[in-house]
Ligand SMILES: O=C(O)[C@H](O)[C@H](O)COP(=O)(O)O
Ligand SMILES: [Mg+2]
């Protein structure tokens, strides 16, 4: 039975029961560049109670450092080591699990945050934001096109949310992934994300576009994958029984918590609604739910 955060008693219970608070970002802390109500107060309250805060986002457009700077703009002090993005999880997966040799290059279909994390992990990246030719429509006559100049040293392709997605980019990405010996890594499966007061296409749209034309599935590294939790546990020795995952989407955040033995708190300030919560399979339901994260603060103060 999912308990609603609608009283001081429930809010205090959460404060007392958990030491580690794992936060999704889009739809929980903010909607794009606007912080959601009482988020800053809630995070400050948790820090005052010596809670361990970990920020776990599937948004692969920023690196951990870029997220740390985004928090700073909101007046919040969050260190790079407290942030786990799907761009970082993908770079760690390539380096530590697939053990891609460092002399292999990585073709990026994604944004600069993904390139930065891959470069920080020791890889040379191609494509991404560094090939202006990809911003131009595919010219069938142009023999200098990247499609006709595939780099034989590419050993992996990583696909994530790319606000500059176009036919040309997908066409070049496809050439690499038609080779079964090249790894196909996908940052996250999210179909949508909340932005501009609406729902916008998520990374899942880019991943599915590539999967469709190469008839292969990418290895998902973000939530709800186990790899993301492994990266967090490796870096922060957390007791799962004293940990809670706070998110706005069932099939990534809440599933990530359920799959890894954490308690879960769904907030209705992002993707999910009271209707989708009502309709959810009881076995998939979160431990708690709230209208917004700031309710934790408001019910206690
Ligand atoms: O589309 C995406 O890439 C994700 O939906 C989006 O960025 C989600 O980020 P999160 O809610 O995990 O912070
Ligand atoms: Mg979210």
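Every residue, even glycine, has its Cβ placed from backbone N, Cα and C.
Residues 24, 26 are recorded by TrEMBL as Mg(2+) binders, and the candidate that the same record lists for that site, out of 248, 251, 281, 295, is 248. By the rule that a residue counts when its Cβ sits under 6 Å from some atom of ligand 2, the recorded positions 24, 26, 223, 248 yield 24, 26, 248.
If you count neighbouring Cβ atoms within 10 Å for each of the active-site residues 24, 26, the highest count belongs to 24. Comparing the Cα of residue 223 (substrate binding site) with the Cα of every entry in 24, 26, 248, these being the recorded positions, the smallest distance points to 24.
Classification of residue 26 (active site, proton donor) by DSSP places it within a strand. Excluding 24, 26, 248 themselves, the residues of that chain whose CB lies within 8 A of the CB mean position for the Mg(2+) site are, in sequence, 25, 27, 28, 29, 57, 193, 194, 247, 249, 253, 267, 270, 271.
Fewest Cβ neighbours within 10 Å among the binding-site residues 223, 248: this applies to 248. Following the DSSP three-state reduction, the secondary structure of residue 223 (substrate binding site) is coil.
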